[in-house]
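Take this structure first; my questions come after.
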Amino acid sequence: MEARGDLRSILPYLPVVLRGGALFWPPPAQEAIKALALGPDVSRVSSGDVLADAITDLRLALNLDPLPRRAAEGLAIFFDDLLSRAQARDWFDHILPSLARLLLRLPTLLEDHYRSGGYQEESRGLRILGSQDGGIVLVSQELAAALLACALFCLFPTADRAQARLPPINFDSLFAALCNNSRQSQEQKVRCLVHYFDRVTASTPTGSVSFERKVLHRCPVSDSITYPDMDAWMKSGVPLCTFRKMRNKKPLKLTLQIDIWEEEHFPEAVCRYGSSFRFTGDYLDSKPFDAMGRRKTRIVAIDALDCPTRLQFESSGLIREVNKAFCGFLDQSNHQLYVKLVQDLNTKDSCASIIPDECIGVSTGNWGCGAFGGNPEIKSMIQWIAASQALRSYINYYTFESGSLKRLEEVTQWILLHRWTVGELWHMLVEYSSQKLGRETNEGFFTWLLPKDIPNDICLLSHIHG
């Protein structure tokens, strides 16, 4: 197992050690975890402040620094003040010992992970990816739960993470944020995670989950789509896909889902995001599993421009955002088929080779338009362009009653009526943005685009362009 490059890349960032071909906890840490696994009668951990002390002991056994003071205070606030007595008792009597037993299984779960696929499966093993390296990781849900338990107990080494440009992984900052008592969303995030641990300890998940990082290379690479430039977008003859404006007067019972690639689907319901994030209760996912044991649920995370103001109208900003969305929406697993289909569409050839049942759509919303301050009209069009170019069959767009998008359905129906292509809509978006930057117009994109004499009662069948 020492020969595996994927394991060697991530081992410095794991709390376990490799010796003699086997992974294991350092003996002092293993003894401390065993005590936690025996419950509060043995470990004496029955409150948040004592849990903080136990975590510090565990960290010291791994040659890590003590738990930060504010994180310790946050643990006490959450488990001793914010949880009810019944909830806290159940946590310390049952959930915490079960999590400790899960931690004891971590070395075995990791060994199974690296041995189950054989050496030819390094491309799916848990590993560190370099900058601009795409790849996929496939892990069991039980291993994912064990790794998250490590984060809860703040056991991941952090000394070299910044140098490797890795984001924080331990949960100490989440608990430390509770000390400010300024944002209820911090408590709600912790409640989501605590509920997750309740679920996975009550019934060990048996499926798998995959995570993929997608990359568009600026230079041609075999079996990969190249980063489209302005000219490529202008010349695209791909037809725009079906666009459905979704009206949701009540908060969604699920996290917003952009159907692009498999990720962990946490078993709870949440609504909104940012400072309005709330945990609203348990959720049971009834979606079927695929051949690899993954739920047929796909979620994509795409970073948008933060407070873009003028940049979102500049060519560089438009290209950045549309290519980010295109990269997320695109399925690169069948590169050759995609290239052929796009060539056919660009030459106005028949697209009968696209099988509708195999085309997965996109469910999205006001990406980058909340706390990040993006323009909802521009972002809705950018996502439509990107999804169409990625050959997605439809977009379900959740407006969350945004006042800026009152004319969204009117605009999309008018565009579909005229059978615009990706390139034609992109051209109009670029032209509008140029006028916006030059102060030639103060209108929103929708008002600027639509003819002034367009009938107010325009209504098209949803199957147009479908």
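Glycine is no exception: its Cβ is also placed from the backbone N, Cα and C atoms.
Quick paste from TrEMBL:
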type	residues	note
DOMAIN	84-213	domain 'PARG helical'
ACT_SITE	D259	active site
ACT_SITE	E262	active site
ACT_SITE	E263	active site
DOMAIN	271-406	domain 'PARG catalytic Macro'
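Are these features on the surface or tucked inside, and what are their neighbours?
Averaged across the domain 'PARG helical' (84-213), pLDDT in this predicted model comes to 91.
Across the domain 'PARG catalytic Macro' (271-406), DSSP assigns 58 helix, 18 strand, 60 coil.
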I'd like the per-state residue tally for the domain 'PARG helical' (84-213) from DSSP, helix first, then strand, then coil.
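Breakdown, helix to coil: 76 helix, 12 strand, 42 coil.
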